[in-house]
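Student: What Swiss-Prot lists as ATP binding site is GLY111, MET112, MET113, GLY114, CYS115, GLY116, LYS117, THR118, ARG222. Among the features that Swiss-Prot reports, Mg(2+) binding site is placed at THR118. Residues or ranges marked as substrate binding site by Swiss-Prot on the basis of similarity to another entry: ASP136, ARG161, GLY183. Annotation comment: Swiss-Prot describes 1-65 as transit peptide.
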Amino acid sequence: MEARVSQSLQLSSWINSDKVVRKPSGLLRFSEKWNEKPRHRVVVSCHLQPRKAAHSDRRVQLKVSCSPQNVQASVLESGCFSASIDEIETLKNKAEEVEEYLDGRCVYLVGMMGCGKTTVGRILAETLGYSFFDCDRLIEQAVGGITVAEIFELRGESFFRDNETEVLHKLSLMHRLVVSTGGGAVVRPINWRHMHKGISVWLDVPLEALAKRITTEGTKSRPLLHEESGDVYDTTLKRLTTLMETRGENYANASARVSLENIALKREKDVCHITPAEITLEVLIQIENFLKTQKSVVVL
């Protein structure tokens, strides 16, 4: 698929999967490069016209295309996730089992802001030999490198959501991708139509743990977390609770659910101490369970 654009102002960039995401704080280093399969590069192009009040919700014309490239470097080599040799081996073995059922279908991670979609997505892509893309980063790149928060402020949420849908549509035409979606991508039925072409996984994190993480990292990059007077944790938790009440049923549309509360119970540890590797393993397990169930239903 090729991207072609022809308007007065054009932005066209080749984006590799390690360039469209922010580097995570932790590192997972694999001793071997297993599942070395063709990666993807995505072209995101857009045309920007001077803003007019009457057309403030106009979409950027995104063109996303992908072509296989033999990229030898691991997308995780620049990160730093702590994982034992046993954890890495377990992830490797489970990924090999799941691949048989996945058959190249894309995996979409959904969930509230701050739930770990990007971090887990990068590890998941590495284990499966997939390419990883973050919808928010693709949109930011397409509109000239401004942040999601700035897009919300300058163009409004509707403008952002329209382009989010366009990105999901383009990605849904591809294969062997792990996609991290925005927290609000689930509210539009058309987005589910695109994501259901692959496998969707809901990362379900207790709101208290989310609020703690987000307030620690800061809320400036979160456009839907309005600055309010009072304790930052309390106001963040209140806003997250409101968002969850609105989106909860939408998240439940996912093919599989990964509950960090359940992981914590099984491993007898606090939710906040669950590692990205442990979450990724549970994602693989839940994907496998879903696909096995789906296969058995088809056979019947």
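Every residue, even glycine, has its Cβ placed from backbone N, Cα and C.
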Student: Please list residues from the chain of ARG161 (substrate binding site) whose Cβ is under 8 angstroms from its Cβ, counting only those at least six apart in sequence.
Tutor: GLY184, ARG188
Student: From the centroid of the CB atoms of ASP136, ARG161, GLY183, the recorded substrate site, which same-chain residues not already listed sit within 8 A by their CB, in sequence order?
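Tutor: Along the chain, the qualifying residues are CYS135, VAL148, PHE160, GLU164, THR181, GLY182, GLY184, ALA185.
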Student: Within 10 Å of each Cβ, count the other Cβ atoms, then let me know which of the binding-site residues MET113, CYS115 comes out lowest.
Tutor: MET113
Student: Among the binding-site residues listed here (THR118, ASP136, GLY183), which has the Cα closest to the Cα of GLY111 (ATP binding site)?
Tutor: GLY183
Student: Secondary structure at CYS115 (ATP binding site) (DSSP, helix/strand/coil)?
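Tutor: Going by the DSSP assignment, CYS115 (ATP binding site) belongs to neither helix nor strand, so it counts as coil.
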Student: Could you state the CA-to-CA distance between GLY183 (substrate binding site) and MET113 (ATP binding site) to the nearest Å?
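Tutor: Each residue's Cα considered, GLY183 (substrate binding site) and MET113 (ATP binding site) end up 5 Å apart.
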Student: Between LYS117 (ATP binding site) and ASP136 (substrate binding site), what C-alpha distance do you get in Å?
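Tutor: Here the two Cα atoms are 11 Å apart.
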Student: If you count other Cβ atoms within 10 Å of each one's Cβ, which of the binding-site residues GLY111, GLY183 has the most?
Tutor: GLY111
Student: Tell me which residues of the chain lie with their Cβ under 8 angstroms from that of ASP136 (substrate binding site), as long as they are six or more apart in sequence?
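Tutor: The list for ASP136 (substrate binding site) reads VAL148, SER180, GLY182, given in order along the sequence.
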